[in-house]
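These notes are about the structure you will find just below.
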Amino acid sequence: MLKKMLKSYDYSLIFAIVLLCGFGLVMVYSSSMITAVSRYGVSSNFFFMRQLFALIAGGALFILMALFPYKALAHQKFQKGILLVSVLALISLFVFGHVAGNAQSWFKIGGMSIQPGEFVKLVVILYLAAVYAKKQSYIDHLLTGVAPPVVMTLIICGLIAMQPDFGTAMIIGLIATCMILCSGFSGKTLVRLVILGGIVFILVSPIIYLNQDKILTEGRLARFESLEDPFKYANSSGLQVINSYYAISSGGIFGLGLGESIQKYGYLPESHTDFIMAVIAEELGIFGVLFVIFLLGFVVIKGFYIARKCEDPFGSLLAIGISSMIAIQSFINLGGVSGLIPITGVTLPFISYGGSSLVLLLGSMGILANISMFVKYSENKKKKEPLAPKGMKKKQLKKTVYL
């Protein structure tokens with residue numbers, strides 16, 4: 001049986017993930033080697049070694065989650081436990097959190113930085129998938145079905161936004177929206193939910209208005225202002241986007257060559273994180289960019305295909321949530337690099353430097369691989385199962401065939 005299950009894994013998905021991680025590791029070294037020495041005063045391979053360590057840890061988690069039956073993740077006690085730990089971790093950040101980039105979003109443990117918000121993304125996906133799978137029979141009941149998980153998600157998003165980390169809060173909100181829309185409720189319930197959301201927004205509007213200076217800080221307003229014409233703000237909020245444009249245009253079709261980027265020499269401060277795609281464009285040209293987009297697109301499409309094929313509501317919603325996370329995060333990062341949307345500090349999945357993000361993504365991909373394995377295994381089992389002749393029950397057929 002184990003042999004059959006191992007044969008049922010989607011190895012095209014696994015191969016795409018391996019390619020993304022390997023390519024990402026190479027680009028983290030290329031984009032961070034100058035920054036590490038000139039800006040942080042550490043060895044040129046400092047960020048590379050940290051990313052490699054995260055990749056090993058994430059790879060181990062991927063294997064564990066790929067072998068672990070995903071249905072066990074829907075257990076009520078497990079769900080309550082991870083949700084409680086997540087909320088307590090987010091609250092603890094206000095007391096013990098380390099401030100970096102104007103956000104108190106990290107726990108500093110020794111020489112390591114852990115960002116709980118990254119892991120909360122997966123917790124919310126697991127929670128929503130389990131709750132909505134369980135509520136399928138009464139999901140159209142607004143107050144007992146669809147609404148309570150929405151409230152819980154809003155509380156989590158609120159705690160993250162207060163750090164303030166609006167990028168992560170926005171991603172979780174968008175993932176939740178995708179999952180809620182795919183949870184199976186009727187059009188009438190959607191209308192009721194929109195009305196309820198409108199009422200809640202009206203009620204919290206005075207709080208938003210009174211705290212608008214904290215929400216819309218000078219830096220955030222500047223990002224929106226520079227969106228229309230970054231060259232107008234070339235010495236302030238538009239600087240990173242302009243240097244990103246220079247990197248993309250310098251790369252052209254074939255690029256300047258691996259390791260030959262000019263913009264990573266202090267012109268792009270976040271060359272190994274938010275703006276790593278600009279360095280890829282500069283060094284490897286349009287072919288490098290298309291290679292990454294193709295692989296990310298393949299993973300997302302494969303994820304939604306697995307969700308469509310999965311007959312189990314929990315597995316299907318889980319695959320939708322994981323695929324949505326990759327798609328949304330990729331779009332926000334690429335939109336910021338190309339100047340289509342304001343810069344949010346969101347990294348590019350599998351490619352950008354970031355240990356917490358990489359471990360979370362590989363753990364999520366392990367779950368997706370496990371779902372795909374069960375889907376394929378079930379399909380193969382159905383194909384091999386003989387059809388019962390008219391008037392004969394399935395159990396009788398099994399006895400007839402195998403005795």
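Glycine residues also receive a Cβ, built from the backbone N, Cα and C atoms like all the rest.
Marked as topological domain 'Cytoplasmic' by Swiss-Prot on the basis of sequence analysis: 1-13 (among others).
Among the features that Swiss-Prot reports, transmembrane segment is placed at 14-34 (among others).
If one looks beyond the topological domain 'Extracellular' (35-51) by at least 6 residues along the same chain, the residues whose Cβ comes under 8 Å of a Cβ in the stretch are 24-25, 28-29, 264-266, 269, 271-272, 353, 355, 358. According to Swiss-Prot, the feature topological domain 'Extracellular' maps to 35-51 (among others), an assignment based on sequence analysis.
What Swiss-Prot lists as transmembrane segment is 52-72 (among others), and the listing cites sequence analysis.
If you look up Swiss-Prot, you'll see 73-80 (among others) marked as topological domain 'Cytoplasmic', on the strength of sequence analysis. For the topological domain 'Cytoplasmic' (73-80), the model's average pLDDT works out to 90.
Residues of the same chain lying 6 or more positions beyond the ends of the transmembrane segment (81-101) and with a Cβ under 8 Å from any Cβ of it are 107-108, 113, 116-117, 119-120, 123, 126-127, 152, 155-156, 159-160, 162-163, 345. Summarising the annotation, Swiss-Prot assigns transmembrane segment to 81-101 (among others).
Per Swiss-Prot, the feature topological domain 'Extracellular' maps to 102-108 (among others); the stated evidence is sequence analysis. The topological domain 'Extracellular' (102-108): residue composition by secondary structure is 0 helix, 6 strand, 1 coil, according to DSSP.
What Swiss-Prot records for 109-129 (among others) is transmembrane segment. Within its own chain, the transmembrane segment (109-129) has Cβ neighbours under 8 Å at 73-74, 79, 82-83, 86, 89-90, 93, 98, 100, 149, 152-153, 156, 160, 163, 165, 168, 171-172, 175-176, 179-180, 183, 314, 317-318, 320-322, 325, 354-357, 360, 363-364, counting only residues six or more beyond its boundaries.
Sequence-remote contacts of a segment are chain residues at least 6 beyond its ends whose Cβ falls under 8 Å from one of its Cβ atoms, and for the topological domain 'Cytoplasmic' (130-141) they are 73-74, 76, 79, 148-149, 179-180, 183-186, 188-189, 312-314, 317. The topological domain 'Cytoplasmic' annotation in Swiss-Prot covers 130-141 (among others) and rests on sequence analysis.
Counting only same-chain residues 6+ beyond the ends of the transmembrane segment (142-162), those with a CB under 8 A from a CB of the stretch are 83, 86-87, 90-91, 94, 105, 117, 120, 124, 127-128, 131-132, 135, 168-169, 172-173, 176, 180, 183, 185, 189, 192-193, 196. Marked as transmembrane segment by Swiss-Prot on the basis of sequence analysis: 142-162 (among others).
According to Swiss-Prot, the feature transmembrane segment maps to 166-186 (among others). Only residues 6 or more beyond the boundaries of the transmembrane segment (166-186), in the same chain, are considered here, and those with a CB under 8 A from a CB of the stretch are 105, 117-118, 120-121, 124-125, 128-129, 132, 136, 139-140, 145-146, 149-150, 153, 156-158, 160, 193, 220, 307, 313, 316-317, 320-321, 324-325, 328-329, 332, 344-346.
The transmembrane segment annotation in Swiss-Prot covers 190-210 (among others).
Per Swiss-Prot, the feature topological domain 'Extracellular' maps to 211-285 (among others); the stated evidence is sequence analysis.
Sequence annotations record features per position, and here Swiss-Prot assigns transmembrane segment to 286-306 (among others) based on sequence analysis.
Residues or ranges marked as transmembrane segment by Swiss-Prot on the basis of sequence analysis: 310-330 (among others). With a cut-off of 8 Å between Cβ atoms, the residues of this chain six or more beyond the transmembrane segment (310-330) that come close are 70-71, 73-74, 121-122, 124-126, 128-130, 132-133, 136, 171, 174-175, 178-179, 182-184, 296, 299-300, 303-304, 346-349, 361, 364-365, 367-368, 371, 374-375, 378.
Here Swiss-Prot flags 331-351 (among others) as transmembrane segment, drawing on sequence analysis.
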Within the topological domain 'Extracellular' (35-51), how many residues are helix, strand or coil going by DSSP? 10 helix, 0 strand, 7 coil
With the greatest number of Cβ pairs under 8 Å to the transmembrane segment (52-72), the stretch among 14-34, 190-210, 286-306, 355-375 is 355-375
May I have the DSSP-based helix, strand and coil counts for the residues of the topological domain 'Cytoplasmic' (130-141)? 8 helix, 0 strand, 4 coil
DSSP-assigned states of the topological domain 'Cytoplasmic' (73-80) in counts, ordered helix, strand, coil: 7 helix, 0 strand, 1 coil
